[in-house]
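Heads up: the structure comes next, in structure tokens.
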Amino acid sequence: MSAGQPIPHLYSLDVMREYHSAPQPQEFKPHIFIVAEEAYRNVQGQVEPINQSLVVSGESGAGKTWTSRCLMKYYATVATSSQKCQDTVEKIERRVLGSNPVMEAFGNACTLRNSNSSRFGKYIQLQLNGSVLLSLLLFECMLVVYNRFDLKMMKGATEKQRLEWMLPLEQDFAWLPHAEKTLEEDCLQETVEAMINLGIDERKQTQIFRILAGLLQLGNVDFRPASEEAQTCDLDEHSKGTADLLQVPLDELQSCLIVRTLRAGKQNVLKPCSQSECSVRRDCLAKVIYAQLFDWLVTFINNSMCADSSMWCNFIGLLDVYGFECFLLNNLEQLCINYANEKLQQHFVAHYLKAQQEEYVTEGLQWSFIQYQDNQGCLDLIEGSPSSIFSLLNEECRLNRASDAKQFCVRLQKELSDNTSISWDKFSKQPHFTVAHYAGKVSYQIEGMMEKNKDPVSPELISLLQNSQDSLLHSLFADGDRESEGSRGHSKVVTVVSKFRNSLESLMKILHSTTPHYTRCIKPNPDCRPLTFKREEVGKTDAFLSALLGFP
């Protein structure tokens, strides 16, 4: 499967029915539907392990999201074809397929390498009765500034909606750096129809759109340094638009952005924030709102489609995660993404080669066992005990002191230099480390990494959102149980990498309990152009498979 130009007849309903009804689909031409049908028949035939998992892998922009759409369309078609009530069939199919545009609109982004890049991982369980349970591995709210749905709003809104959302045509937004792009997935109406099919009514949609518009306005809030150190920074007029859209008091919003509350004994002390600190608090406010809104959407979709556990006993799981990434500048986001790919790579190697070699033995073939490449050293470097990149990052964050990238780089060299999977460029002036991943070396910037790992949310920001007059936004923070910065001097810090690792471990536990099926997506060129194959790009995958199988 490759990215680029869609080929509709290759994935039509007729083709689906052809593969589904074939006595031996494996005798047909290679197709993603062969993999889908094999998993489906394993469940129907109660082949142990009965539960199945389809893992779609490949680098960013290779076509994983499109492949996952095709798989969901296939199962939505064949899994409901045996049901007698046509209304029920159509309702299930609409909801199954409706989850895709909604989740992509809110969870995908426009990056340098991919205009529809997944910024979260999703594991979808298609239950035996045809309904769907959708559970999320991670949504990377760190990348909220490049969200796709805001692009849809900008391009698809009516004049009336623009007035309501305060999005004039002539206005530029700092968090939409590529707003002029015309993308295939830019249809706002398609997403709105999908939200309706999932049961998100017009009132809730209006609230969601206003919150998103408020975040766009928040991204445009600039801070001017005060003339004296003891004074607060000055705010521009965009804060008023943000307050109106989020329905929070303007004076409280402005105060939260430019003043922080410190605990001194039993008293609170107000301290003006520097210009850079104000920007961090602004970004932090946007991230926490978007993360909570995204979680609310996931829960809503789950409740909308999940069948009662007594009604089903088996499932087919579909895993669609972000692909391996390597940019000119890489930070904590790329480290987490590539760590997840390392774990999936290890799972693939162990299951695929083990299964192939067992098949050769069964068939009585004369051959030598292959000693395949093991990436355990890289995983030990990232997540191992007692010392690893993650453990040292977490320790640094729990010390509750100002971050020092150079000092942390020195500590990494001292603690981890024995691991051959890590190295440093002696001539680089920027604190960094380079990890030798299975797909190649990636250099990570240390500057800003500790701050992102802390993901701090101050109590006053949470209090501000709890006071919102918007019922949806208020409900997102009504519990107030989120770990926040400074709520207690000795409170446990739950870091980004800790939450990420726990989510990934839960996912891997599910994968290990199922029969896996793998689909490798190949990226034929770096520009996502149709009908263009660049040998050096395709060769990356060939080289990867050769190394995987132990060939020169």
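In case you wondered, yes, glycine gets a Cβ from its N, Cα and C as well.
Per TrEMBL, the feature domain 'Myosin motor' maps to 1-552. Note on the domain 'Myosin motor' (1-552): mean pLDDT across this stretch is 81.
Feature annotation from TrEMBL assigns ATP binding site to GLY58, GLU59, SER60, GLY61, ALA62, GLY63, LYS64, THR65. For GLY58 (ATP binding site), the Cβ neighbour count at a 10 Å cut-off comes to 21, with all displayed protein chains included.
According to TrEMBL, the region 'Actin-binding' annotation covers 504-526.
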- In the region 'Actin-binding' (504-526), how many residues does DSSP put in helix, strand and coil? 9 helix, 6 strand, 8 coil
- Note on the structure: For THR65 (ATP binding site), the number of neighbouring Cβ atoms whose distance to its own Cβ is within 10 Å equals 24
- Note on the structure: Neighbouring CB atoms within 10 angstroms of the CB of ALA62 (ATP binding site), all protein chains considered, total 26
